[in-house]
Ligand code: LLP
């Protein structure tokens, strides 16, 4: 559920007509609903609490906007970060250091030291080599790092190949068959407190079976680690829950997920950790755009909008579906190719899409754009960096400025020796 609804024929975010935001901020612009963010944070946390002692860390990569992080911090969420930049954002948004988990397959020595200096709660180690480096840095600082070992359970998540992470051939974690040996060696290092294991098999999962299978394998691993005399107090189950992108799509709900987790992890006697991203922010955002013009095509007209693949990369990268709706409600339908202005055919949001009819100058939205939207934006074709707005009831604020092409050009320079 979300707070983007038609009222008097105009699409609103909470109590704000999107026409107001377009008039005052311009388009393209991402618009987020605070009420939706809060609701999703509450629903997810309540759903997983069925499984016992839990700790939920929002996957910052899905939407790192400071205001969004602040809303989620106020809802009691921690943060799952994958870079020094994300770590600083989480702290700046008011997340408690002890609620921050540092994931990622290529943390640099500088980032590991930064995590230690910031006194974060947990490192999710992705290789023995990384664990040894962290142990050495921590020991040199006279510290002990709380860590879990990310395991690759070799399960097919059944999602898009580019966002699948739990198959043996993926770069993430250590192979499950090597996990006990690596865990045992790392647990012996003085700079590390190995306290458990982690996994994350992929994103946008449309059914729970692969997750249940992977969690089952982790349960067996926990037993084996314990039978070797080592302790396991934390298991990080990652993120990955899908959200509805198409009308009528029904991925598992957080309640279904929580019930599955409770069933599969029964008797583990650990703190379960979660790293949800998409399910918290996906439906809390839209990309608001204007139709530049409609151009006839051989089969279908091209609706050319002012948002492009640089603003919302998901369709170009993963053939992702984002529902397209006119801001002014209409019964008139059209079948169109919806494209941006960027000079390559990858800049296509939809082909032969049946949607509400739009004309030049109309406003429209791409829905479910709150996750992996603005954060994956670029300035390709020397376009501005897309701004972001947060709505709260009847008020809204620009929470990220539009960064003009001229500002970006201003950070570049031509060396003197090229001037003459
Ligand atoms: N934890 C780890 C270790 C992850 O790698 C990810 C996502 C998450 C948690 C959060 O997963 P979520 O709950 O959002 O599915 N750019 C792609 C998605 C990439 C996901 C990367 N990892 C997209 O636009 O679909």
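The backbone N, Cα and C atoms fix where each Cβ goes, glycine too.
Of the residues 372, 380, 396, TrEMBL places 372 in the same pyridoxal 5'-phosphate site as 240, 275, 276, 277, 278. The DSSP secondary structure for residue 277 (pyridoxal 5'-phosphate binding site) is coil. Counting other Cβ atoms within 10 Å of each Cβ, the binding-site residues 240, 276, 277 show the lowest value at 277. Model confidence over the domain 'Orn/DAP/Arg decarboxylase 2 C-terminal' (30-370) stands at 97, taken as the mean pLDDT rounded to a whole number. Annotation for residue 314 (substrate binding site): same-chain Cβ neighbours under 8 Å, separated by at least 6 residues, are 320, 322, 372, 373, 376. The pyridoxal 5'-phosphate site in the record is lined by 240, 275, 276, 277, 278, 372, and its two most distant CA atoms lie 15 Å apart.
Secondary structure from DSSP puts residue 343 (active site, proton donor) in coil. In space, 61 is the closest of the recorded positions 61, 318, 343, 344 to residue 277 (pyridoxal 5'-phosphate binding site), judged by Cα positions.
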